[in-house]
Ligand SMILES: O=C(CO)[C@H](O)[C@H](O)COP(=O)(O)O
Ligand SMILES: [Co+2]
């Protein structure tokens, strides 16, 4: 079973409630929520007031992808606002082990994201503590970018590490996912596919979520 996680970064923020309802009523499994601080990545998405509104209305797993420096400062706030999976970037954490434990102590699931240049072997010593590994298939910061082909190999390596260490972590892929690459991504080991522009730029986003899931599971 593949999980489709639409990224609300590509939603129409003037009609956010409508777009959230669309995901609620679709075959999507999770909401993917991108938080960008303008420091770790060259873009700012939105902050706590919007996140609070989204989390209240969303009726599925709330998966928050933090593209911010010093994420430890806000772990408790994300927990209070109803986050289920909290993912931090490897590149943004000096004391990654401590950050993972702090997330798990709240009861949230812990994820670590890797930029395209960061090798999976760097997670060897924490992989059994993780609930999720997020493989970035674009450089983080913007929706609508082109999928990086090296991602397939990286997912396969991640799957090998997870099996070797008997970790229960899910593999999530984020960036440039569409109907052309969804099947190959799950074939090499991806469990969760994030899709922003492919879903929200589609004529019929609900149908696109269905089609992505079908492809991913075919
Ligand atoms: O984390 C992200 C960007 O940093 C987004 O989740 C991602 O880009 C989704 O958008 P798209 O599917 O359009 O690539
Ligand atoms: Co994301």
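Cβ coordinates come from backbone N, Cα and C, glycine included.
Heads up, TrEMBL stuff is auto-annotated, nobody curated it.
Here TrEMBL flags 34 as active site, proton acceptor. The active site, proton donor annotation in TrEMBL covers 174. Residues or ranges marked as substrate binding site by TrEMBL: 7, 65, 141, 142, 143, 144, 174, 175, 176, 196, 197. Among the features that TrEMBL reports, divalent metal cation binding site is placed at 32, 34, 65, 174.
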Under 8 Å by Cβ from residue 32 (divalent metal cation binding site), same chain, sequence gap 6 or more: 5, 6, 7, 8, 63, 65, 174, 194, 196
Rounded to the nearest Å - Cα separation of residue 141 (substrate binding site) and residue 34 (active site, proton acceptor): 9
Residues among the binding-site residues 65, 176, 197 that border ligand 2 - Cβ under 6 angstroms, in sequence order: 65
Alpha-carbon spacing, residue 197 (substrate binding site) to residue 34 (active site, proton acceptor), which is rounded to whole Å: 13
Close in space, distant in sequence - the residue listed as 'active site, proton acceptor', Cβ under 8 Å, 6 or more apart: 7, 8, 9, 45, 65, 67
Cβ neighbour count within 10 Å of residue 143 (substrate binding site): 21
Most Cβ neighbours inside 10 Å, all chains, among the binding-site residues 141, 176: 176
Binding-site residues (7, 197), the one with most neighbouring Cβ atoms at 10 Å: 7
The one of 65, 174 whose CB sees the fewest other CB atoms within 10 Å, among these recorded positions: 174
Coarse DSSP state, helix versus strand versus coil, of residue 197 (substrate binding site): helix
Extra residues within 8 Å (Cβ to Cβ centroid of 32, 34, 65, 174), divalent metal cation: 5, 7, 9, 33, 63, 64, 87, 134, 194, 196
Residue 141 (substrate binding site) - helix vs strand vs coil (DSSP): coil
Non-site residues, in chain order, whose CB comes within 8 A of the mean position of the CB atoms of 7, 65, 141, 142, 143, 144, 174, 175, 176, 196, 197 at substrate: 9, 10, 34, 138, 140, 145, 194
